[in-house]
Amino acid sequence: MTTPVNVTVTGAAGQIGYALLFRIASGAMLGPDTPVRLRLLEIPQAVRAAEGTAMELDDCAFPLLAGIDIHDEPAAGFAGTNIALLVGARPRGPGMERADLLEANGGIFGPQGKAINDGAADDVRVLVVGNPANTNALIAAAHAPDVPAARFTAMTRLDHNRALSQVSAKAGVPVADIRRLAIWGNHSATQYPDLFHAEVGGSPGGALTADAGWLTEDFIPTVAKRGAAIIDARGASSAASAANAAIDHTRDWVLGTPEGDWTSAGVVSKGEYGVPEGLVCSFPVTSSGGEWQVVEGLEIDDFSRERIDASVAELSAERDAVRELGLV
Ligand code: NAD
Ligand code: LMR
């Protein structure tokens, strides 16, 4: 039997964890021929709940599930891990300012980055889901100087999938026939979902952008504020769709993106499209050989430029705030 891939999931007893673990164990993330060993990392108060989830995983008798370990301490949770899905984060509480949130999460993602640095497998790949995802990824990467920065990513695949769904509904075209959408910037309300390079049912996506009212008053805000709309409707933040996006992101990272298409991911900028080096920013990306590549050479008009710049400015401000707090 092939050696199992070690997958660590933090926040394993949370909502997203519950929607994610069973799909990983079923083979949806790494394919039907790759066994997985799950490491569930939680805080001590939630270990009991994680044990319950592990009992349910056992009860599924997944043929690909080679084992489950539960940890409440990062060094053990990340020892030898190949894929780290950092889902657990501190939610914003009443009266908490953004800086308080950044500081609280610095206390989580700094030590986790260090534990990944010290003990993870040489090929470790990290996806940060917990919010604020881009800046949490920046903090984790800053604490892992021996791990290539390109191995730290933040999730904007949910935003990408939301954009696909909105375009599909507007154009009456199946999602499978929509290609080359892109999410730029931060996983926040400033993100910019870009249709200008898309192909929708074999036609240029630019045709949809001609409907300026729909583009600026419907499509862009619907995608960018979808997280808040879900919280409003469900009374809790998106979970199954977030887990699905984490599966999509990791699968494409490891197994590659389809020929002729791209997707979106928060990756460490090397200065592409004028985004300051080192920021974890969402770009259009392809993956091959287990590495993301930013799609280069796209023409960015003034409409897109203004929106990309606004979201990148927010990322820079978040980086400045965590620098001031001594977290990076
Ligand atoms: P949740 O509150 O249901 O679960 C979070 C879990 O994390 C809890 O079980 C908690 O005990 C655990 N946790 C907290 N600190 C931890 C630590 N230091 N180590 C390990 N575990 C820890 O939340 P959820 O709905 O599962 O969401 C998790 C995060 O994902 C939130 O930050 C949410 O905002 C974010 N999110 C991101 C996206 C995205 O697209 N990037 C989408 C949806 C949600
Ligand atoms: C989402 O996009 O659904 C979440 O990031 C929203 C949130 O604030 O948890």
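Cβ coordinates are placed from backbone N, Cα and C, and glycine is handled just like the others.
According to DSSP, His187 (active site, proton acceptor) sits in a coil region rather than a helix or strand. According to TrEMBL, the active site, proton acceptor annotation covers His187.
Here TrEMBL flags Gly11, Ala12, Ala13, Gly14, Gln15, Ile16, Gly17, Asn105, Gln112, Val129, Gly130, Asn131 as NAD(+) binding site. Counting only same-chain residues at least 6 apart in sequence, those with a Cβ under 8 Å from the Cβ of Ala13 (NAD(+) binding site) are Leu40, Glu42, Ala46, Val47, Ala49, Ala50, Gly52, Thr53.
Annotated substrate binding site per TrEMBL: Arg92, Arg98, Asn131, Arg162, in sequence order. Long-range Cβ proximity for Asn131 (substrate binding site), meaning a same-chain Cβ under 8 A and a gap of 6 or more residues, is found for Ala89, Pro91, Asn105, His187. Following the DSSP three-state reduction, the secondary structure of Asn131 (substrate binding site) is coil.
Look at the domain 'Lactate/malate dehydrogenase N-terminal' (6-145): DSSP puts its residues at 66 helix, 26 strand, 48 coil. According to TrEMBL, the domain 'Lactate/malate dehydrogenase N-terminal' annotation covers 6-145.
Among the features that TrEMBL reports, domain 'Lactate/malate dehydrogenase C-terminal' is placed at 156-322.
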Task = Restricting to the same chain and to sequence separations of six or more, state which residues have a Cβ under 8 Å from that of Gly11 (NAD(+) binding site).
result = Gly17, Leu41, Glu42, Leu86, Val87, Gly88, Ala89, Gly130
Note = Taking Gln15, Arg92, Arg98, Gln112, Gly130, Arg162 as the binding-site residues, the residues having C-beta under 6 A from ligand 1 are Gln15, Gly130
Fewest other Cβ within 10 angstroms of its own Cβ, chosen from the binding-site residues Gln15, Gln112 = Gln15
Task = Output, ordered by sequence, the same-chain residues six or more apart from Arg92 (substrate binding site) with a CB under 8 Å from its CB, or 'none'.
result = Leu101
Ask   = How big is the Cα-to-Cα gap, in Å, between Gln112 (NAD(+) binding site) and Arg98 (substrate binding site)?
value = 21
